[in-house]
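What follows is a short report on a single structure.
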Amino acid sequence: MSGRGKGGKGLGKGGAKRHRKVLRDNIQGITKPAIRRLARRGGVKRISGLIYEETRGVLKVFLENVIRDAVTYTEHAKRKTVTALDVVYALKRQGRTLYGFGG
């Protein structure tokens, strides 16, 4: 290894990728049955049709906040990989302590 630290076969500094996949509308990947299963787990018997889009919106905002905090922890530690502990600390910061993943 020629002094590249941990990692392996890094060629250069990265730069722009040729074909960058455009990420859009991924929230639709949270399907109606998936939302229904989560509601069932929470003890819900009947679900209004309007719930699905509302749930997607709320989930998107929640995940954006958690991911933003987790990435902030990662950047502060001068790392490029978000670890499970970063997510645990981000959740703890928002008052949603999660046990079982270290920390």
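Along the chain as shown, the residues are counted starting at 1.
Using the three backbone atoms N, Cα and C, a Cβ is placed for every residue, glycine included.
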DNA-binding region per Swiss-Prot - which of 17-21, 92-96: 17-21
Local Cβ density at Lys92 (N6-glutaryllysine) - other Cβ atoms counted within 10 Å: 13
Distance from Lys60 (N6-glutaryllysine) back to Lys21 (N6-methyllysine), taken between C-alpha atoms, in Å: 20
Integer Cα-Cα distance in angstrom, Lys80 (N6-glutaryllysine) to Lys32 (N6-glutaryllysine): 34
Cβ neighbour count (within 10 Å, all chains shown) around Lys32 (N6-glutaryllysine): 14
